[in-house]
Amino acid sequence: MLKRFFSYYKPYKKLFILDFSCAVFVGILELAFPIAVNEVIDRLLPMENWTVISLACLGLLVIYLLNTGLQYIVTFWGHKLGINIETDMRRKLFGHMQKLSFSYYDENKTGHSISRLTKDLEEIGEVAHHGPEDVFVAIMTLLGAFGIMLTINWKLAVLSFIVIPLLMICAVHFNKKMTKTFRKMFSDVGDINARVEDSIGGIRVVKAFANEEHEQKRFEINNERYRQTKLQSYKIMAQNIMANYMLMRTVTLFTLLFGTLFVIKGQLTYGEFVAFLLLSNILIGPIQKINAVIESYPKGIAGFKRYTEIMDTHPDIVDAAHAKDMTVKGEIRYENVAFRYKNMERVLNGLTLSIKEGETVAFVGPSGAGKTTLCSLLPRFYEIEEGQITIDGVDIRDFTLQSLRSQIGIVQQDVFLFSGTIRENLSYGKLDATEEEIEEAARKAQLSDFISNQPAGLDTIIGERGVKLSGGQKQRLAIARIFLKNPPILILDEATSALDTETEVAIQQALNELSKGRTTLVIAHRLATIKNADRIMVVTKSGITEQGTHDKLLGEEGIYSRLHQAQFG
């Protein structure tokens with residue numbers, strides 16, 4: 001764990017050495033003051049030479065100025081080191097999360113992922129800066145102070161330091177308790193984020209059902225759980241501070257008590273006595289640093305463990321070693337395909353079907369029969385359990401994911417739009433699209449009139465998840481992406497479901513035009529949109545039970561005929 005943590009320092013060796021060296025010098029210079037005071041009281045003061053004493057104080061001022069400059073470097077550049085490491089880890093984590101398969105997101109709350117990208121990494125950044133540096137400098141200062149005390153009076157030094165082992169025992173004890181508590185606290189923060197995301201994201205549903213009070217109660221459960229965990233962490237922290245404060249004051253008391261005794265016996269000079277008292281106060285700084293590390297270290301380690309949990313989660317679906325970039329024409333075949341979502345019953349079992357290049361095939365049937373799942377397997381959003389899926393006779397696992405997915409255009413049933421402008425969302429289908437290409441895609445998707453009526457045109461802000469757009473406008477924008485992408489294979493999952501009848505007819509004509517010469521898979525509940533499909537397949541939990549043209553299936557008086565009768569009477 002520690003070896004892996006320290007590997008993130010590697011790109012910043014020079015910065016780490018600079019920060020660490022300055023911190024060491026700061027610790028050394030702190031020890032110079034008690035020695036100087038000892039010399040002033042025992043050697044310079046009896047001389048009664050004000051000039052010499054003034055020069056000595058001037059020398060101390062120079063030391064303080066140097067220490068001040070070093071403190072700036074330690075504070076600013078040290079935090080820069082921590083921020084750089086935090087930024088690198090966040091970049092790697094976000095990149096890794098982009099590669100994780102759908103199954104990971106099916107099983108993990110979005111709020112937890114957000115916490116790991118933000119709160120967890122902030123704590124890791126603090127430990128990256130303060131952890132190694134503060135512990136080393138604190139130990140060095142403690143040993144330095146002890147060494148100086150030994151040279152002055154070894155008996156008093158031993159008596160003063162007799163409490164230090166108890167401080168170390170307390171540190172280990174409270175560190176274990178706080179690590180466990182902070183890990184729980186980070187999990188609670190993730191739960192709060194997930195709850196807020198659900199509630200705010202679904203605010204229209206909440207208000208439509210007048211369930212604001214219900215959402216408040218649900219939030220309070222998470223909020224109270226977090227409060228209790230955080231109170232527990234503060235309780236442990238308070239116990240730690242209390243124990244350390246008492247033990248440190250005991251050190252000062254021992255120094256004062258036995259130091260006075262040694263002065264009376266003539267075994268200690270006044271200068272040495274004052275130096276001892278100053279050194280005992282210097283010990284407070286390193287102990288406080290160690291306590292601060294004890295407080296931040298459990299947070300950082302808990303965050304780092306959660307970070308590594310995600311980084312060690314491997315995508316279910318990756319490029320095979322022999323995978324290649326290939327251009328497809330569009331002949332698709334499913335051979336004895338079986339699939340199930342994790343810990344669930346099989347959705348598909350022994351499915352076999354063929355789709356010719358340029359053919360438009362529609363899938364209809366009851367909800368939950370596997371229509372969307374069937375189409376989701378083609379771009380390898382999920383991995384099949386058994387069987388094989390091929391495009392142009394090549395197993396889709398022999399394609400690179402980038403190559404495969406770049407040649408499949410998908411309009412999903414639930415449209416997701418990014419916070420930003422119409423242009424940014426539309427050009428997501430082709431990031432290097434020209435202005436003319438964007439305008440042409442918008443025209444084909446029946447978006448031109450809407451865009452021209454907006455004061456900012458294509459640069460109109462649509463709000464988070466397209467909140468400022470109607471359902472139909474969102475769907476048309478999603479369809480425009482496909483026009484812009486212009487792929488050889490199309491998957492239209494209820495692509496016109498949110499459109500009014502008049503717009504649906506216009507869009508359907510455009511989709512029919514787009515589908516010419518392309519292999520198109522259409523998932524539909526509204527049968528009017530697929531009557532011109534080359535083939536219609538009826539998908540049930542038993543598999544594909546019927547297939548043929550619209551007229552052929554109507555004549556068979558089977559499931560399709562009954563569905564048609566239910567919709568059109």
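Glycine residues also receive a Cβ, built from the backbone N, Cα and C atoms like all the rest.
All annotation found in TrEMBL is predicted automatically rather than curated by experts.
Residues 9, 56, 59-60, 63, 66-67, 70-71, 73-74, 77-78, 80-81, 84, 129, 132-134, 136-137, 140-141, 144-145, 148, 271, 274-276, 278-279, 282, 285-286 of the same chain lie 6+ residues outside the transmembrane segment (15-37) yet bring a C-beta within less than 8 angstroms of a C-beta in it. The transmembrane segment annotation in TrEMBL covers 15-37 (among others).
Residues annotated as domain 'ABC transmembrane type-1' in TrEMBL: 17-299.
Per TrEMBL, the feature transmembrane segment maps to 49-66 (among others).
Summarising the annotation, TrEMBL assigns transmembrane segment to 135-152 (among others).
The transmembrane segment annotation in TrEMBL covers 158-175 (among others).
Outside the transmembrane segment (245-264) by six or more residues, the chain places 153, 155-156, 159-164, 166-167, 170, 270, 273, 276-277, 280-281, 283-284, 287 with a CB less than 8 A from a CB of the stretch. Feature annotation from TrEMBL assigns transmembrane segment to 245-264 (among others).
Sequence annotations record features per position, and here TrEMBL assigns domain 'ABC transporter' to 332-566.
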Beyond the flanks of the transmembrane segment (158-175) by at least 6 residues, Cβ under 8 Å: 142, 146, 149, 236-237, 239-240, 243-244, 247-248, 250-251, 254-255, 258, 276, 280, 287, 290-291, 294, 297-298
